[in-house]
Amino acid sequence: MAAKQITFNADARMALKRGVDKLADAVKVTLGPKGRNVIIEKKFGAPTVTKDGVTVAKEIELEDKLENVGAQMVKEVASKTSDVAGDGTTTATVLAQAILTAGLKSVTAGANPMDLKRGIDKAVEVVVAELRKMSQEVQDKNRIAQVATISANGDKAIGQLIADAFEKVGKDGVITVEEAKGTETTLEVVEGMQFDRGYLSPYFVTNPDTMEAVLEDAYILIHDKKISAMKDLLPILEKVVQTGRPLLIIAEDVEGEALATLVVNKLRGVLKVAAVKAPGFGDRRKAMLEDIAILTGGTVISEEKGYRLENATLDYLGQAERIIVDKDNTTIVGGKGDPAQIKARANQIRQQIEETTSDYDREKLQERLAKLAGGVAVLKIGAATEPEMKEKKARVEDALHATRAAVEEGIVPGGGVAYIRAIAALDKVEVENEDQKIGVQIVQRALEEPLRQIAANAGWEGSIVVQRVKEGQGDFGFNAQTEEFGNLLEQGVIDPTKVARTALENAASVAGLLLTTEAVVAEKPEKEKAAAPSPGDMDF
């Protein structure tokens with residue numbers, strides 16, 4: 001085990017602060033619409049050019065072990081904020097630095113760090129409550145476009161695309177981001193329910209040009225086991241043939257005699273049919289089959305429920321206006337299920353989303369909800385070069401995340417103004433002693449910092465801008481894009497409430513931990529061992 005270097009008290013805190021400052025100074029130049037770029041050198045490939053705070057933070061690793069501990073703590077602020085809210089990473093870093101800087105001065109002057117932290121925590125609670133009071137709901141497409149535009153660093157085209165995507169699939173829909181083949185950025189919407197299983201035999205194709213099987217006004221047979229014997233399938237097939245309507249079979253697998261008979265009947269024109277494997281695996285497969293059954297008004301023919309395939313009737317089959325099957329995907333459009341049952345199923349999935357602790361499960365549940373409730377939109381990002389593509393894709397993902405946050409918790413005026421308006425509420429905070437009061441004052445000062453930095457990046461004097469905004473009321477603030485003062489909500493300069501809230505909570509949490517640190521244990525840098533002399537250097 002390598003030897004450790006232990007540092008105490010002021011030395012430890014000052015070393016941590018140096019690390020925090022190095023990281024924060026590199027990150028905060030990106031804040032606001034006039035934020036500057038940071039170029040990140042890569043070991044392989046082209047350098048990355050970014051204006052995204054968390055991307056800069058993640059790349060920073062300091063040589064000094066103690067300083068690096070401080071930098072890593074603040075990096076955690078940025079990435080946690082990005083994970084939860086999708087934006088606000090730079091704001092969180094600026095706030096953490098401001099709280100830590102003011103806090104360390106007070107600790108050095110003799111204040112009790114624990115009381116400072118209690119004061120900071122009380123202040124944050126009050127500010128969060130104030131932000132919630134200020135918050136306005138986001139409903140119309142225009143507002144969604146404004147939120148997305150700001151998160152995408154002022155790119156109106158991206159903002160509009162995201163607003164279109166939300167309009168098409170609703171707030172429960174899934175919106176994914178992919179790289180496009182060309183330079184155009186486009187939006188594709190898949191209506192209905194799509195799952196990633198294609199036809200089991202190319203002989204099921206009805207349109208040889210597109211290699212798709214298209215079934216209009218079709219029945220759907222949903223079975224959770226393999227179908228290999230034709231005798232099991234025959235009774236229901238005969239009933240479907242009499243109706244003259246096409247049939248889609250979804251089962252664990254269709255093989256052997258059953259598959260061969262289906263193909264022969266399809267080729268002879270006796271029955272328009274296609275067969276696909278059931279989506280998913282294990283318990284998720286059962287749940288997805290149940291989703292398809294509810295969406296189409298059918299029943300999963302499962303022996304666990306006491307249903308047998310040979311006894312199936314037309315009442316067990318689901319129905320849909322149109323089904324498109326290609327070699328990779330199946331899309332069911334216009335399922336004829338009972339709307340009340342579909343809604344109840346969607347609510348059940350929403351409940352599971354709230355209760356689950358696994359991010360993976362949550363993502364999969366959200367996909368299922370989207371397929372039931374709205375649909376899936378795919379944003380295909382185009383760019384001229386690889387570095388531009390990466391940068392643009394990261395911006396779109398951020399903007400998407402932030403827009404979801406806005407739809408979830410509402411919006412507040414942007415440009416650091418919401419924090420300025422919350423400062424007054426801190427005058428009334430009840431504290432137990434003088435040090436806690438100092439903690440509250442530290443947060444009051446720190447809340448001005450994001451606006452100062454936005455103004456400074458736009459080439460203005462921060463304190464003059466802060467004073468001018470303080471003199472105004474409500475949504476009055478500084479629009480760094482146009483370099484004018486005015487009503488920020490009307491001008492579309494807005495932040496999701498969740499972003500403003502998460503940035504402050506995470507910043508105060510880490511700054512509070514750093515302030516109450518008394519010792520840091522870090523690995524000692526290993527001394528380079530002298531290389532053994534090579535035989536050529538020896539005298540014989």
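Backbone N, Cα and C define each Cβ position, glycine as well.
Keep in mind that what you see is a predicted model, and the values were worked out from it rather than measured.
Following the DSSP three-state reduction, the secondary structure of THR30 (ATP binding site) is coil. Taking Cβ-Cβ distances under 8 Å and a sequence separation of 6 or more, the neighbours of THR30 (ATP binding site) in its chain are ARG36, ASN37, VAL38, THR50, LYS51, ASP52, GLY53, VAL56, THR90. The ATP binding site annotation in Swiss-Prot covers THR30, LEU31, GLY32, PRO33, LYS51, ASP87, GLY88, THR89, THR90, THR91, GLY415, ASP495.
Of all the Cβ atoms in the protein chains shown, 21 others lie within 10 Å of the Cβ of LYS51 (ATP binding site).
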